[in-house]
Amino acid sequence: MASLSRVLRVAATCPRGRSARNLGLQPLAREARPTTEKSVPYQCTLKEEAQGASVVPQGPSQPLPSTANVVVIGGGSLGCQTLYHLAKLGVGGVVLLERERLTSGTTWHTAGLLWQLRPSDVEVELLAHTRQVVSHDLEEETGLHTGWIQNGGLFIASNQQRLDEYKRLMSLGKAYGIESHVLSPAETKDLYPLMNVDDLYGTLYVPRDGTMDPAGTCTTLTRAAVARGAQVIENCAVTGIRVRTDDFGVRRVTAVETQHGSIQTPCVVNCAGVWASSVGRMAGVKVPLVAMHHAYVVTERIEGIQNMPNVRDHDASVYLRLQGDALSVGGYEANPIFWDEVSDKFAFGLFDLDWDVFTQHIEGAINRVPVLEKTGIKSTVCGPESFTPDHKPLMGEAPELRGFFLGCGFNSAGMMLGGGCGQELAHWIVHGRPEKDMYSYDIRRFHHSLTDHPRWIRERSHESYAKNYSVVFPHDEPLAGRNMRRDPLHEELLGQGCVFQERQGWERPGWFNPQETAQVLDYDYYGAYGHQAHKDYAYSRLLGDEYTFDFPPHHCVIQKECLACRTAAAVFNMSYFGKFYLLGADARKAPDWLFSADVNRPPGSTVYTCMLNQRGGTESDLTVSCLAPGAQASPLAPAFEGDGYYLAVGGAVAQHNWSHINTVLQDQEFRCQLMDCSEDLGMLSIQGPASRDILQDVLDADLSNEAFPFSTHQLVRAAGHLVRAIRLSFVGELGWELHVPQASCLPVYRAVMAAGAKHGLVNAGYRAIDSLSIEKGYRHWHADLRSDDSPLEAGLAFTCKLKTSVPFLGREALEKQRATGLRRRLVCLTVEEEVPMFGLEAIWRNGQVVGHVRRADFGFTVNKTIAYGYIRDPSGGPVSLDFVKNGDYALERMGVTYAAQVHLKSPFDPDNKRVKGIY
């Protein structure tokens, strides 16, 4: 039996591909062929269950029903959790089909770790539900122990930034009642005597973290589900998905096919893990994930390790999971092995471990727990895991096919997120939407041009894997999968120092660096797989300046952009925005139902509105411009009769908006057409006190308040080019948006810049928009306004036509909420001290935590940190305006509290004078 120290010595001295052979272990299998006999955790349990020792399919474990309300494909963590939660919701006729045995493929060999704290409030809630299910609910329902062990979790910080990140998690945890403690190196040593703490800055200890047993959990889940009437059928591989097209041209699921018969069903849930892409192809659904090898080793017995907490040493990219009197050691490396040809025969097999890839984890583990240097290796575990382009799962109804839901791509976190995600997916299926804001997991977050783009999926999934243990900084950007979607101004702005951000494939301006050009280069895989790592990469270097929880070096550059907008004018390239036309016979009925505001206005009007879901949550905020009918003139003026509307939505969420609108149109059977002109039109926003003077020299229209009021639009000519000018502002200033055909973008931009030179016009990016908009109190969807926030809670009641009798989606929920009182309310808080905040900070009121910050930034005009978050009354009652006003507030940042002032209105221009041109 090889010791870990010998592994390191042999790996360091042997040619590549020989190290494992010299250790007497299994030879390397670079071709990724699986082996079937390995001594691994859970294998014996799985092979010795009552159903028999063989894992060779012997036909279905029970007869197939002819019909089902829901068919879940895949018996891993997500499939079993979804089945269980559907059954708990009272859904009858639910069937789970597993091609082999429960947990085969990936779940059976997973480490089963559960950490309660992550840098996302939604994920903290999902993890809490998983913990509740495995530690309490299942045992209470079935009398069976799931294998849950509460031994605690310990996060290791070997630098100050990592410790700062942990302190942020601790502050967020206080909003959810999660106990955690930042420990000194000495306190860490007392807790974990075998640990080397000489290089530590500190640790974060979470006593109620623990581990789950995959086999025990899935077995108990399915027993509980079966007791409620669900069916579990093993040894029954799915071979096809039957689809029909209805009278409106909408594709819908009708049946699942297997070698043993078919099941008629309107709903399929793809929980097939690594095989989810194959199942998707059966139905014509794109599933953007890749399969990779993911490994850990199990040590021999270690004296004194019993009852120690699980460890995540993020800076060494390694975890140490307690396994009885031994440890499992694993992690995430920069050069994982892709499994390109996923075998449909693979079930309980494993890959041979590539020690050349895995060695770095051994080094990190020995440094952290030195006794491992002389500890033997009991077994190696290297199996397939699925990873996605943004390291978030794929969930929800596929936009290509109604009734086809995804629950896959969990990036090695399927066990810990399974309970929460299974519950949300069940609600999604039954009620049409989840209860929580699941946008970060919703398959509709990806633009359709990306979900079947192999290079983008592979590059982004690799980077997500390689950076899994990296510090999560607020303004990080990917290096992989860039330059997928660029507007006509890209090269022009690059030459002027634009530092770009990426949003759903689009390159959009982040900020402007006057010192150098920062081109985004092709992805170098961090030097792995024979790629040459980029040297002196300006964009990467500037991005590195963002790796801080303090103000970055270019904070002053963003300040100049903001102040120029407030005192003169700034031009923002917002071409990445989604731009849609809503036309057709029901183009008046559909907007009445879709939009919370009354958009039944005369042509030339523009309305800011929300779109809601049935529970009154906000699915989007957008602008809707009412059009005049006529003959088609350009992408700016489509031909239509009756009513027509032009919609502008944030580019990062455009696909989500597109899918939501189409789903509502289909469900209500509205005879409407939604046309996407996002790629045909650019969008320039010129904002600031001097914007009217600048544009008056460019546009052939009278821009006075009387001729061109706020919230109106006109077709005009800009430097001879037809554009749609809309008088709106995302930053709280006098200004206009110019919606410009792609071919005209560059000449129009140059004309604007030339006219603005004498007025102090500057380029500005989205970092400035973030600051300016929070200063004005404008909402950002998916930050301080989400699908689980109502407009009433968010202070947007003015966007809702509740004073009319017009029905709209979500109206009943809003009326009920208004009658019973708001149980939470969005508040604005400012801090006098110049301290950076980014969100997740705890909100204190009168000595109690009442919420956490959703969004924060520095306001350069008011010279204060500004934060927005939802607060609750700890007594459980409604949150009245008096409750908001009559409290002493503080914000906790990284364990330090700062006195804060609460505001009922935006602290900047509360009377809305500037957007009206009143200075």
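Heads up, the Cβ atoms here are built off N, Cα and C, so glycines get one too.
Taken from Swiss-Prot as is:
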{"type": "MOD_RES", "residues": "His109", "note": "tele-8alpha-FAD histidine"}
{"type": "MOD_RES", "residues": "Lys174", "note": "N6-acetyllysine"}
{"type": "MOD_RES", "residues": "Lys174", "note": "N6-succinyllysine"}
{"type": "MOD_RES", "residues": "Lys378", "note": "N6-succinyllysine"}
{"type": "MOD_RES", "residues": "Lys560", "note": "N6-acetyllysine"}
{"type": "MOD_RES", "residues": "Lys776", "note": "N6-acetyllysine"}
{"type": "MOD_RES", "residues": "Tyr778", "note": "phosphotyrosine"}
{"type": "MOD_RES", "residues": "Lys803", "note": "N6-acetyllysine"}
{"type": "MOD_RES", "residues": "Lys803", "note": "N6-succinyllysine"}
{"type": "MOD_RES", "residues": "Lys885", "note": "N6-acetyllysine"}
{"type": "MOD_RES", "residues": "Lys885", "note": "N6-succinyllysine"}
{"type": "MOD_RES", "residues": "Lys905", "note": "N6-acetyllysine"}
{"type": "TRANSIT", "residues": "1-22", "note": "transit peptide"}
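Positions of Swiss-Prot features highlighted on the structure.
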residue : record                    : CB count, 10 Å
His109  : tele-8alpha-FAD histidine : 27
Lys174  : N6-acetyllysine           : 18
Lys378  : N6-succinyllysine         : 18
Lys560  : N6-acetyllysine           : 18
Lys776  : N6-acetyllysine           : 23
Tyr778  : phosphotyrosine           : 18
Lys803  : N6-acetyllysine           : 7
Lys885  : N6-acetyllysine           : 11
Lys905  : N6-acetyllysine           : 12
Cα-nearest neighbour of Lys905 (N6-acetyllysine) within the listed modified residues, Lys560, Lys776, Lys803: Lys776
Modified residues near Lys174 (N6-acetyllysine) (Cα-Cα within 10 Å), from Lys776, Tyr778, Lys885: none
From modified residues His109, Lys378, Lys885, the one whose Cα lies nearest the residue listed as 'phosphotyrosine': Lys885
Minimum Cα separation from Lys560 (N6-acetyllysine), reported as the residue among modified residues His109, Lys378, Lys776, Lys803, Lys885 that achieves it: Lys776
Euclidean distance between Cα atoms of Lys378 (N6-succinyllysine) and Lys803 (N6-acetyllysine), Å: 70
Nearest-integer angstrom distance between the alpha carbons (Cα) of Lys776 (N6-acetyllysine) and Lys885 (N6-acetyllysine): 20
Secondary structure of Lys560 (N6-acetyllysine) (DSSP, helix/strand/coil): helix
Integer Å distance between the CA atoms belonging to Lys378 (N6-succinyllysine) and His109 (tele-8alpha-FAD histidine): 15
DSSP-derived class (H/G/I helix, E/B strand, else coil) of Lys174 (N6-acetyllysine): helix
